[in-house]
Amino acid sequence: MITLDDMEEMDGLSDFTGSLLRVDVDTDCCTSPYSIPRNNPYFNSTNQPPEIFAHGLHDPGRCAVDRLQSDNGSLLMLCTDTSGKNTSAGRILEITPGKDYENEPSVYDLQSSGGAPPVGGFIYRGCQSRRLYGSYVFGDKNGNLRILQKSTLSDSGEQWQEKALCLGPAGSCGSMLVGHILGFGEDELGEVYILASSKTMAQSHSAKLYKLIDPKRPLAPKECQRQVEPPELLMTACSRHCKNGHCTPTGKCCCSPGWEGPFCRVAKCEPVCRNGGVCMEPNKCLCKSGYSGPQCEKSEQGMPNDQEKEGILDHIIDMTSYLLDLTSYIV
């Protein structure tokens with residue numbers, strides 16, 4: 001997501017300003033840190049950057065991608081967007097690939113939420129709260145929490161309905177946290193978390209992490225008790241041993257210039273080291289005793305170099321041939 005400067009055009013088609021980008025970082029290509037998904041709207045374009053997924057946004061924030069695919073295979077994506085310097089004039093957009101959102105109407109206008117910058121969240125696909133299933137959970141910096149629920153198309157054309165998110169035990173209900181919302185999180189089971197400061201701006205800060213649960217179902221129901229996959233180790237074989245390069249997400253070690261071999265441990269010297277020298281660093285030879293020079297081509301202390309050795313060998317061969325001829329003549 002690329003923020004727009006105030007004086008720039010937000011076409012997003014000549015560069016990345018005001019655009020949402022979509023790339024595939026799970027690649028083992030060493031020449032590029034990412035690849036372009038083939039179903040990006042400008043994948044085959046010669047005039048627009050193929051990374052662009054949508055454009056015309058002012059100051060895009062967090063985007064939420066629904067983990068539940070529709071019947072036709074399309075994905076639902078909701079993004080927050082603020083209007084330049086007026087960060088309180090925010091909106092939530094439903095993203096369609098290749099669409100220009102400069103003047104596109106939003107699914108929700110955040111000016112009615114108290115004038116605070118929006119904080120994008122997630123589309124709830126967890127199991128613990130049935131009433132939140134399929135709802136977009138979001139908020140603003142002032143601690144206001146909201147949900148958007150998609151409804152059937154009405155006469156006014158509204159597809160999303162905004163509701164306050166009830167906080168507290170079953171006997172009480174509030175829609176505002178004490179402090180400021182810093183961000184949202186999601187686990188692999190689809191449950192949503194809220195990171196918030198515990199006090200106001202005038203007081204010292206200490207953050208708290210909340211998990212959204214239905215107060216009528218405080219304990220995890222049996223149908224929600226799914227097996228959680230164990231976390232993957234951050235240190236892979238590549239990250240431990242690839243010292244002179246970088247690792248791709250697939251675990252391939254891509255060598256920096258001047259290095260080669262397994263895990264990029266072998267230095268390259270061009271031209272190669274001579275007279276038994278060893279390449280220790282890129283284009284840096286470690287010479288044997290009695291030799292010097294960038295490729296160990298110079299001899300020291302009267303020791304013959306490669307050219308001198310070749311000349312001596314030719315001289316020995318000539319003398320041997322002469323002696324053989326002389327022996328034949330005497331016989």
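In case you wondered, yes, glycine gets a Cβ from its N, Cα and C as well.
The record in TrEMBL pairs CYS296 in a disulfide bond with CYS287, which is drawn from CYS279, CYS287.
Only one of CYS264, CYS279 is recorded by TrEMBL as the disulfide partner of CYS269: CYS279.
The Cβ of CYS296 (disulfide bond) has 23 other Cβ atoms within 10 Å, all protein chains considered. Here the CA atom of CYS296 (disulfide bond) lies 12 Å from the CA atom of CYS269 (disulfide bond). Here CYS279 (disulfide bond) is positioned 9 angstrom away from CYS287 (disulfide bond), judged by their C-alpha atoms. A gap of 10 Å separates the Cα atoms of CYS296 (disulfide bond) and CYS279 (disulfide bond).
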